[in-house]
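Student: Would you mind keeping the following structure in view while I ask a few things?
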Amino acid sequence: MKSIKVGVVTSRWNSEITSKLEEGAISYLESCEGVEIFAALVPGAVEIPLAVQAFFDAGCDGVVALGAVIRGDTTHYDYVCNSVTDGVTRLMLDYKKPIGFGVLTTENEEQAHERAGGSHGNKGEESAQVVMEMIGLTQEIPVTMRTAVQMAKASKATKPAKAPKAAAKTKKTKKKARK
């Protein structure tokens, strides 16, 4: 059985939070059979897409992207969130490989802590689960599609030709207009 290679990219910015996300992701991946885990730390969330791309270029089947962007007093938050989201989405579609998006985008630190092992679970672990599910799905779809096509061809080859249906007779009725 071929091993599954999964990268984990973690932003060092807000490391008190992102380290918990990383622990959750790696712990889950370690519980999966046949998974090789590769990890990288990047300075901030904006650098996540470049590291994801490097993992895909190195042969990873999927990547978990982890970070914590917390709103401040300026619009920088919006630019960072949009940049990371757009970059990760583009890579996922370009490479046709899954990325678990575990980049928290919260209004404050409390919300981030709640999502890094607190009352809202661990989004790092959840992102790793998503990657594994999507790796399975993307590997299964081509096989399922081939099987469906093969079944359709086989079905056409074995079915006897049907006799043409007689033209249906229609009865025309006139409706009286109401006054």
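Each Cβ is built from the backbone N, Cα and C atoms, and glycine gets one as well.
Not my notes, these are from TrEMBL:
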- Trp13, Ala45, Val46, Glu47, Ala68, Val69, Ile70, Phe101: 5-amino-6-(D-ribitylamino)uracil binding site (BINDING)
- Asp73, Thr74, Arg115: (2S)-2-hydroxy-3-oxobutyl phosphate binding site (BINDING)
- His76: active site, proton donor (ACT_SITE)
- 152-167: compositional bias 'Low complexity' (COMPBIAS)
- 168-179: compositional bias 'Basic residues' (COMPBIAS)
Student: What's the most sparsely packed of the binding-site residues Ala68, Ile70, Thr74, Phe101, Arg115, counting other C-beta atoms within 10 A?
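Tutor: Counting other Cβ atoms within 10 Å of each of the binding-site residues Ala68, Ile70, Thr74, Phe101, Arg115 gives the minimum at Thr74.
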Student: For the binding-site residues listed here, Ala45, Val69, which shows the highest count of neighbouring CB atoms within 10 A?
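Tutor: Highest number of other Cβ atoms within 10 Å: Ala45.
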Student: By CA distance, which of the binding-site residues (Val46, Ala68, Ile70, Phe101) lies nearest to Arg115 ((2S)-2-hydroxy-3-oxobutyl phosphate binding site)?
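Tutor: Among Val46, Ala68, Ile70, Phe101, Ala68.
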Student: Around the C-beta of Trp13 (5-amino-6-(D-ribitylamino)uracil binding site), how many further C-beta atoms are within 10 angstroms, looking at every protein chain?
Tutor: 18
Student: Checking the spread of the 5-amino-6-(D-ribitylamino)uracil site as listed (Trp13, Ala45, Val46, Glu47, Ala68, Val69, Ile70, Phe101): what is the longest Cα-Cα distance, in whole Å?
Tutor: 16
Student: I'd like to know which of the binding-site residues Glu47, Asp73 has the most other Cβ atoms within 10 Å of its Cβ.
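Tutor: By the 10 Å Cβ neighbour count, Glu47 comes out on top.
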Student: Across all chains shown, how many C-beta atoms besides its own are within 10 angstroms of the C-beta of Val46 (5-amino-6-(D-ribitylamino)uracil binding site)?
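Tutor: Step by step: centre on the Cβ of Val46 (5-amino-6-(D-ribitylamino)uracil binding site), count other Cβ atoms within 10 Å, giving 17.
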Student: I want to verify one value. Collapsing DSSP to three states, which class is the residue listed as 'active site, proton donor'?
Tutor: helix
Student: Measuring CA to CA, name the entry from the binding-site residues Trp13, Glu47, Phe101 that ends up nearest Asp73 ((2S)-2-hydroxy-3-oxobutyl phosphate binding site).
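Tutor: Of all the candidates listed, Trp13 is nearest in space.
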Student: Tell me the Cβ neighbour count for the residue listed as 'active site, proton donor', meaning other Cβ atoms within 10 Å of its Cβ, over all protein chains shown.
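Tutor: Its Cβ has 11 other Cβ atoms within 10 Å.
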Student: How many Å separate the two farthest-apart Cα atoms among the (2S)-2-hydroxy-3-oxobutyl phosphate-binding residues Asp73, Thr74, Arg115?
Tutor: 23
